[in-house]
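As written in Swiss-Prot, here are the features:
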DOMAIN    815-877  domain 'Cytochrome b5 heme-binding'
DOMAIN    1735-1791  domain 'DEK-C'
CARBOHYD  Asn70  N-linked glycosylation site
CARBOHYD  Asn164  N-linked glycosylation site
CARBOHYD  Asn638  N-linked glycosylation site
CARBOHYD  Asn664  N-linked glycosylation site
CARBOHYD  Asn669  N-linked glycosylation site
CARBOHYD  Asn897  N-linked glycosylation site
CARBOHYD  Asn1019  N-linked glycosylation site
CARBOHYD  Asn1023  N-linked glycosylation site
CARBOHYD  Asn1421  N-linked glycosylation site
CARBOHYD  Asn1534  N-linked glycosylation site
CARBOHYD  Asn1705  N-linked glycosylation site
REGION    1-28  region 'Disordered'
TRANSMEM  750-770  transmembrane segment
TRANSMEM  786-806  transmembrane segment
TRANSMEM  1056-1076  transmembrane segment
TRANSMEM  1452-1472  transmembrane segment
TRANSMEM  1479-1499  transmembrane segment
TRANSMEM  1507-1527  transmembrane segment
Amino acid sequence: MTNPRMSMYSLASEAPGGNRGTGQQSTQVSTTTLLNAIHNIYLSAQPYRLDAGTSTVVNTWLTASQTGPNGSIGGTVDASLGASAWEHARRRAEDGCIVLGSLHESTPSVLAPFLSSLPMSTPSSLYKALDAIQPFLRCSTPYNPSTPRQAALGVTLTINLAGNLTAASIALSQGGIDTTKGLMNIPSEAGYRAFDVFYYLLTSASTPAEREFLGLKPASQYALLARSGTYDPPSYLPTADDAAAAEDFRTALKEIGIKGASHRSFISTLAGLLKLGNTLDYNVDEDVLEDVCEDVSGLLGMEPEVLMKQCTTEDRSTFVGGLYEALVDWVITKANVAIAAQMARIKDGAESLDGRGVRTPTSNEEGEDTVCISVIEIPNPTLGKALALRGIFDDSMGINSEMIADGIEVPATGSSVLREMQNAVAEVAPDLGISSTPASRERQHELEKREEILEKIGLSADDDGFIKQLLFPVAGEGINLGTHSRLDLPALLASSRVWYHLSLHPTDDSPASLAALPSVTSAWSAGTVSRQLRAWRLPEWANRRNKNLDFTADFDVEEFVQRYSALGCKDGRDGIETWLLERGWSNGEVIVGKERVWMRESAWWEAESMLDLKPLNNLPGVGNMMAVNQLESGYSNNGSGYFPGQVILDDHSGSNGVVNHQRNFSHGNMSQATFNQNPVAAPSIAPTRMTGMTGMRNVAVGDYGLGHKGDTHKGAVYYNEDGEFIGPLDPELANGKQIETKSLPMKRRVWVFIVWAFTWWIPSPLLRYVGRMKRPDVRMAWREKLVLCFFIFLMNALIVFWIVAFGRLLCPNFDKAYSQKEVDTHQGQSDFWVSIHGKVYDISKFWKQQHSDQDIETTRENMLPLAGMNLDDYFVAPLPLTCPGLDIEDTFRLDLNNTLEFQIADHTSGYYQPNPATKLRAADWYSKRFEPRIKEYFHGDLVWSKGTVRKQGENDGRQWVIYDDKIYDLTNYFYTQKRLKNLGGSNFLNEKLINVIKQNPGADVTDQWNDILERAAGNATENQSAQNSMNCIRNTFYKGITDFRETPRCTVNNWLLLAFSIMLCAVILLKFVSALQFGSKRRPSPQDKFVICQVPAYTEGEESLRKALDSLTALQYDNKRKLICVICDGVIVGQGNDRPTPKIVLDILGVDPKIDPPALAFKSVGTGSEQLNYGKVYSGLYEFEGNVVPYLVVVKVGKESEQSKTKPGNRGKRDSQILLMSFLNRVHHRSPMNPLELEMFHQINNIIGVDPELYEYLFMVDADTSVREDSLNRLVAACANDGKIAGICGETALQNDEKTWWTMIQVYEYFISHHLAKAFESLFGSVTCLPGCFTMYRLRTADKGKPLIISDGVIQEYSVCDVDTLHKKNLLALGEDRYLTTLMTKHFPFMSYKFIPDAYCQTAAPESWSVLLSQRRRWINSTMHNLFELMQLKEMCGFCCFSMRFVVFIDLFGTIILPATCVYLGYLIYLVSSGTGQFPLISIIMLAAVYGLQALIFILKRQWQHIGWMIIYILAFPIYSFVLPIYSFWNQDNFSWGNTRIVIGEKGNKQIVAVDDEGYDPRSVPLQRWDDYAQANQLPGRRGGYPEKYEGEYQDQYEMDEMKSVYSSVRQGSVITGMQNRQNPYMPPQSPALFGTPSPGHMTRHSTMTGAGPFADPHLAHRQSMASMGAHDIQRTQSPYADYPTRSMGNLHGHASNPSLMGGNRSSTALGFAGGNRAAEASSSTFDFQRGLAGPDDGMIVEAIRTVLMEVDLDTVTKKQVRALVEQRLQSELVGERRTFMDRQIDHELANM
């Protein structure tokens, strides 16, 4: 090896040429990366290295109670972190501190498990001490069955430089214990308990003598314990038993020396505190107080007056808390004494634990150097967060300030992170020793007050009593509680090298719910874990540390030279730098500062490993680090018992020595698509169908490194055993016609049955040959259309029939009956009505004629006064003529009860006519001349209401009655009798009949008269008299008939119509009221939410496009927070355009015409092969009127086979919407993306400079719409004020309103549809149609961040490809915008969908009849089908009839009956104009009210111009309500059906056949996660680069004028096109991980200390020495940082990454090194490193097969499933010979079982 820079010791030497950068970690860690990694390590019970000094684990009480992968219990811990701290401490002779932080209040303690994982033996007394101490510190809460209440608990382990433990101690921090929440004032909610020790005291484990002495009662009798009412431990715990725990507790107390007298004093004090708690109520009774104090004083050894008289209630409360804390300090002191005693016995050899552990020989030198490793448990997430953030991000203190002072470039921390750190520190300032804050001063005041109270009570206690021992532990020092034997946490962290072990909790669910889960790791909430990651700023943490500050070792220059001189390092800075170059450490692995040398962990351990290879006599000593008894200790040359010495393969040493060395590679979350191939050669997908892709694994395998089974909503694929696609996305492949049969839903089956039931009589051959409908699905759609049109026609006919004819059927002569009041209204010259003897006559054509043969002229003056009158008294028939058989003389006549007002109109005929010359003189004039002539003008019957008849008969003396519904008025008859006194023949009528009238005036006498007539029938004379009298009454006294129009038969229809009219009017009125929104326009404050302005472009012209883009650019909204996203739906030349629409868009935006980015594959909404589409992405900045806004243009260009077609790439507006929605969905879920989406992400994230996940709103604007400047801000402000708003729209007006007649008739419709319909719906928060031309949707909920419009459910239903029925066609092909609103309402019924009139835009309306006809056909049909869908939704707001469901029904019904409405209006016009029927007053009033209220709306809004538009609209009403609906209904099936999928039968099942279509194979669109893709291509923006992405405000990361489009300006390395000549990226150096057999000096050593505590590995009771690990698998590294398969140097051609970032840094714990081969165990971990491109060898495959076969149920599993499980275990896709070998070996293993 001639080039020293290619040293075998440096991983950098294996990176191919090219720039190496600065050594910073290139991988950008994001929340998604961490979330995915942590989910995987949670499932596999593994830790995750965030950086070299930080590890994360996920634990619950359930996982902590299970046996881990290495056989230990207590939860997952990272043993390698402890090993790293141990190595640094002993090798560097520096103190270390391991912080066990908790990110969630529910995480279990890992203190004991972590201690047991350290690479040293620990005394059993340490674990017993923890068992004894923990009940004092922990209590049960609803969120954690064992919640620690201390600020921090530390275990300090003192080791010598050989790594042996020499001392151990336990201490609380000066923050003490939270006695308030743990004892004094526990929450009063169920589930909370006080400290466990009190319940142990009260259990039956106490002896009867103790209970009698202490006077213990049930827990409910103690105020301190009874607050929550919870006295038992959580029942979901498998070991929830206070009695058993109390027994273990008492045993632990004995082990640490608390027994006998000290135990009695101890429990007396506990009981005294418990009882004293009953005196802390301010309202306690005096007698109770005295009794309790008397009892307690005896237990505590003091006078009762001290507690009762000298102490207030507050003093006693302070005393209880302070004494308890002092008691805990005393227990800890006793524990430390016990630990020290055992350590002394071990050192003296006086104690051996009978081989239960390996004995660790200790040094006999008294003055040997020692260092301390402190393990600090900080259970409070707030305190832990403050300490951690300050240590990582605060550059003014700690190691960060030292590096800055030494000249190391430390990037400034983001302001949002600093703010969060400062807020966290301020919250716990007292615990950090910061005394300048109000909280600190308050804490100090409380401590001083506590000290005074404790001193007062303590001095009054017995001199030799236990209380004085507790309160005055050091004689002469007074009260020193909180300082004596406590840890100074800030000072400890400042003086030690800090390592972080962070515990996360997977869910916010209660611990009780975990017990019911199907598996230990079923509990998972990505939101919960993500919140913890973001709260602690772990992505920024990882990026900051790994890129710049991940130095774990630092030396003085002289110290560095002395340490590594044996490896060739020369004196001085120049010598060091030269040596670093020889090692290949020129990329930031080691940095030489002004005075110190800083090393990353990998470089440091590489150097230390090389030292281990050197002979003993060549090693320099550093102080006393190399003790004389090193070989005796069994450690390696460099003193390492954890890393065995390495075998040198030749005689050379130094940089040219050849060592069998391996490399560690991590794939983390990377897919196989990037791992197994050149990770830099990004795919450039041409618009053609490809079988493979550069940089991607061959798609024939079909899983893209993600497995055969993917996300069902994001590109799921399924394959059979031969690798052929069999999934549900599309059954058609390019292998001819295939038939697919699938069952139909019941609704569809019923509908098909109905269609055939109505259209069976139409033969299909007729449709096929005459109608030219060759396809069955087209014929079926025609039949469906016919049935729908029939139903629509039937409904319209029923409506017209109901309104017009139904009432007449029920009441035939309804319009032939008139009351006298109605007759009185007809008094015009051409409307001359009169009533005569119960009949109504219209003599309008008669009265002007000269009909008198006397001297009376027929003039207006004479005739018009008679109009509308009752003329009974003017036309009196002679009695002999009308009453034959009654012997009435010709000279007799009845006198009139009334005086004639107009004498000239008197038509007396017969004998009493005084003028002999007139024809009236004739006795038969009335019957022969008058009656025949007047019948010509008969118009109807005169009707009287029964109430009128009764009232006038009873009250007014009118002698009339009702007989057979006819009215007879005999008033003149009785008047004549009265005047003649019954003489002169005035009694000519039957007396019995007359008596009935006298007795019942105004009544119905039908029964009485019939009775008389029946009786008279037996007597001929009587019968003759009665019949003649009845005949006379009918002829002479007939007055009319009863008003039958008042009967139920005639009124029921009117009442029904009136009821519906009232409901409609109520809706109209409510709509009117909702539209009355007065007041000045509110001016919301400027908003700062990120918004994507989506503009789908199809065939619009340049003027429309420019208006739309300019209006969006000029919006009064932060330019950096809006993104214009134009999606061109195909390369299409619109009518009137001279170039394709995409070219117009790019020309407007100023994109360089030379730019031609690659076409990238994505899945479109289409059928068959049309699902495969290609698109191009452009980005840059657009400037208009000083506004510079970023834009993104996506052009759908189609496949190569489409280029000869007229519309390549065109898939419809819905596909354009889905393209962006799907992209944002995958951004939200961090899901694998297709190539087009990856490029979009890159352009937005890295070129434009905004993380796509920051966008919160999607603003949809059509390409022919211009938006007013303030509209977007108003929409966003409305959403910001109401977090329930999921969609919102504004008013859309016309910008070409005066262009043509066809635009004019639309102006008023647009206005009123918004201000009446949408304003009304907005009241309910349920706007049923958010127009696609001007609508904004919220992407995710404001509270929990759940996706809304980008949710899986909405996208899945909106992106349906099989649009094969008439209903689906109308929903998805015509009214996609309305259907999108329907889907949003369906999936999120409790969200609001609003309309605000203040937001305003203008759009271009159709200017020609043909375009208007086409538009309204789509609108009307889609409205009808969408409203039908809405009717089926269950969750619709409202109550009673006034619900949205009712309104939707009204709208649906109104749409369907539009033609009926027009016909009825025409009928009304005819009635009014012709006068052929009754005047429709109510209908006219309703119409006037409807349009009057509409007019009132724009009048009140001062929109005067709409008066004219309203008139034009009314004139065009027949077009809107008749022509357009009829045309639309009949053209429901007018679609372009295509020929890809043909429905050939729907008789219970549906069959689909592919015709001339190659089909869509999902493998043609590979999917890959952004983080993996970005890492593989060395791209920035791996989801963690912007601190504003998490909590806090957005920090602008760029200046707008500095942003360059990747295509419109300088060509950059696109993520998709890649760089043809790029080599593998630089790989940060890793540990060489040397291995070999042990040196002769390596011997098995035995220790008298053991980790056999409750958390130790039960399988490793006889644990081997760390020096005996040389027998490990030859393919395993033996670094403390990893234990994973490695490979030889010859295979190092793939991309490697820092394992701490990508999840590969997964070492087995120290407890897991039992020697032997652990290949199977390692391969089972998701985070074990792969063997690179070489793949797993035969042995690994065989081992994986055997493991899988042992785990599965052979009776149910298939070979395919076994193969998948084996590949999953191997984390590799086996192909070719490897696959064949696997299949053969599976068969072999099955045969041998």
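Backbone N, Cα and C define each Cβ position, glycine as well.
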For the glycosylation sites Asn164, Asn897, Asn1019, Asn1421, Asn1534, which Cβ has the most other Cβ atoms within 10 Å, all shown protein chains included?
Asn1421
Establish whether the number of Cβ pairs under 8 Å between the transmembrane segment (1507-1527) and the transmembrane segment (786-806) reaches at least three, counting only pairs separated by 6 or more residues.
no
List only the single closest residue to Asn164 (N-linked glycosylation site), chosen from the glycosylation sites Asn897, Asn1019, Asn1023, Asn1421, Asn1534 by CA-CA distance.
Asn1421
Shortest C-alpha distance to Asn897 (N-linked glycosylation site) - which of the glycosylation sites Asn1019, Asn1023, Asn1421, Asn1534:
Asn1023
Here's one to test understanding: among the glycosylation sites Asn1019, Asn1023, Asn1534, whose C-alpha is closest in space to the C-alpha of Asn1421 (N-linked glycosylation site)?
Asn1534
For the domain 'Cytochrome b5 heme-binding' (815-877), the mean pLDDT of the predicted model:
87
Which number gives the other C-beta atoms within 10 angstroms of the C-beta of Asn1023 (N-linked glycosylation site), all protein chains shown included?
15
With the transmembrane segment (1479-1499) as the reference, find which of 786-806, 1056-1076, 1452-1472 contributes the most Cβ pairs under 8 Å.
1056-1076
Can you tell me how the residues of the domain 'DEK-C' (1735-1791) break down into helix, strand and coil by DSSP?
41 helix, 0 strand, 16 coil
Same-chain residue ranges lying at least 6 outside the transmembrane segment (1056-1076) that approach it to Cβ under 8 Å:
802-803, 1315-1317, 1319-1320, 1322-1323, 1441-1442, 1447, 1450, 1482, 1486, 1489-1490, 1493-1494, 1496-1497, 1500
How big is the Cα-to-Cα gap, in Å, between Asn1534 (N-linked glycosylation site) and Asn1019 (N-linked glycosylation site)?
83
